[in-house]
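All remarks here apply to the structure that follows.
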Amino acid sequence: MESKTKKSEDADNKPVVVLKGPTDIQRLKLEKLMRNPNKEAFIPEKSKEKEPRAPHEFIRNVWGSSAGAGSGDFHVYRGVRRREYARQKFIDEKAEKTAKDQEYQKKIEQNQKAADERTAKKRAKRNKKKQKLKAKKSKPSEETTKKEENDDSEEEEDSDEEDEERSGQASDKQPTEQTGEGSDEERDIR
């Protein structure tokens, strides 16, 4: 008895909720679910499509509402006709659904292919940009090494020319200049 009184007291303490529309019903269902989040919620499975039964191979009463038909034959004819129309409608809907599914899959494949092409194009652009940056970064160091090589080769050529000039000047000049008292340019080179 005590359990009944406790329940009735709990029910008395709960405020009465007036439902104004479907949103309130949905809100109450969500609140009920969220009271105990550990409890699994029942999610119904999608109902299978009901496939109509196959048509009869041989229909005996085909009179319909024509003269000479009995009073119950029209109802039999009407039922057969209704089932056949339902079967044809089902076949048409199924064919339309498969056509739409195939079209959708084709569209997804086209979109995926287009996205892959765009990605490949952008990837190629990024790689090209990276290569240019690498080339720019390595170019100054290459240029400096080339400049150094060019400077070295020019210095070698200059030193060869200067040696020739010195040898030519040395023969023209007096012996005192050969001992180290030559022009300023010659002193800088030595």
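The backbone N, Cα and C atoms fix where each Cβ goes, glycine too.
Copied from TrEMBL, the annotated features are:
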- 88-119: compositional bias 'Basic and acidic residues' (COMPBIAS)
- 88-190: region 'Disordered' (REGION)
- 120-138: compositional bias 'Basic residues' (COMPBIAS)
- 139-149: compositional bias 'Basic and acidic residues' (COMPBIAS)
- 150-165: compositional bias 'Acidic residues' (COMPBIAS)
- 168-181: compositional bias 'Polar residues' (COMPBIAS)
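Broken down with DSSP, the compositional bias 'Basic and acidic residues' (88-119) shows 32 helix, 0 strand, 0 coil. Summarised by DSSP class, the composition of the compositional bias 'Basic residues' (120-138) is 19 helix, 0 strand, 0 coil.
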